[in-house]
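So the structure is just underneath, and the comments pick up after that.
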Amino acid sequence: MSKVTVVGAGNVGATCANVLAFNEVADEVVMLDVKEGVSEGKAMDMMQTAQLLGFDTTVVGCTNDYAQTANSDVVVITSGIPRKPGMTREELIGVNAGIVKSVAENILKYSPNAILVVISNPMDTMTYLSLKALGLPKNRIIGMGGALDSSRFKYFLSQALGCNANEVEGMVIGGHGDTTMIPLTRFATYKGMPVTNFISEEKLNEVAAATMVGGATLTKLLGTSAWYAPGAAGAFVVESILHDQKKMIPCSVYLEGEYGESDICIGVPVILGKNGIEKIVELDLNADEKAKFAASAKAVHGTNAALKEVGAL
């Protein structure tokens, strides 16, 4: 029997759990939250759609009862607070690092063999913290960011091409942030051909720019962070792992020399299967792409340095 736990029953966590249930990715999905009644209520609400939508997955909610998460195959961590007005980056990292570290440690008490998928922000840094604090093999800790950024890239590509998003291929690597992500326009294809056969270089650059501010655009429209695509991206990553699909998905993973970087978690394409990260795929980047990746990694290293400043590592 397969089991997935989603920690954090906010918008992103609940959406992730809902997609996992609707697509019957696991036999059981457990939602855990610190706020009493929230995960229980959302789980009950989801289960009341089972007959309407025709799924058999069981969704259970609990308040801080990690025993209910026991023997999970995959655990998705969405816990943390959003950045508040006047809050420094270091303050946000200090708070979220404490939350994520505590959650991960509690999860491993009951599911020592679980694969962790990190969504909490700043995502690359929280993935790095989880790996360093827990001492798990690097194949078992995965940051979701690149899956979401690539999905947004494909959305904007499809809008420019006037086609379905499933007809295009596109990938975003680098840090999960609007100044650090790198939409790989050179690798983007439509019906197996370079998208530049169909749209101008100028239009393609506009697509890349829209992708980079995709999250900020939604925050401006919604007044809060997006949740449908982030939650679905988390579920997409979980499905490739749990069903051993061996999909190539850009995710934040620990590098040891790949792409010329070490001691960092950052977005690169990986093959995801039953062991988590089955393989890191090294693309043949050109000089411009390499320079952008190095700059992105430098920025992520800078954010990671704050972990030591706040005593999280």
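Including glycine, each Cβ sits where the backbone N, Cα and C put it.
What Swiss-Prot annotates here:
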- GLY8, ALA9, GLY10, ASN11, VAL12, GLY13, ASP33, ASN96, ILE119, SER120, ASN121: NAD(+) binding site (BINDING)
- ARG83, ARG89, ASN121, ARG152: substrate binding site (BINDING)
- HIS176: active site, proton acceptor (ACT_SITE)
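Structural mapping of features recorded in Swiss-Prot.
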| residue | record | DSSP class |
| --- | --- | --- |
| GLY8 | NAD(+) binding site | coil |
| ASP33 | NAD(+) binding site | strand |
| ARG83 | substrate binding site | coil |
| ARG89 | substrate binding site | helix |
| ILE119 | NAD(+) binding site | coil |
| ARG152 | substrate binding site | helix |
| HIS176 | active site, proton acceptor | coil |
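Whole-number maximum of the Cα to Cα distances across the substrate-binding residues ARG83, ARG89, ASN121, ARG152: 25 angstrom. If you take the CA of ASN121 (NAD(+) binding site) and look 10 A around it, the recorded positions you hit from ARG89, ARG152, HIS176 are HIS176. Cα of VAL12 (NAD(+) binding site) to Cα of ARG152 (substrate binding site): a distance of 16 Å.
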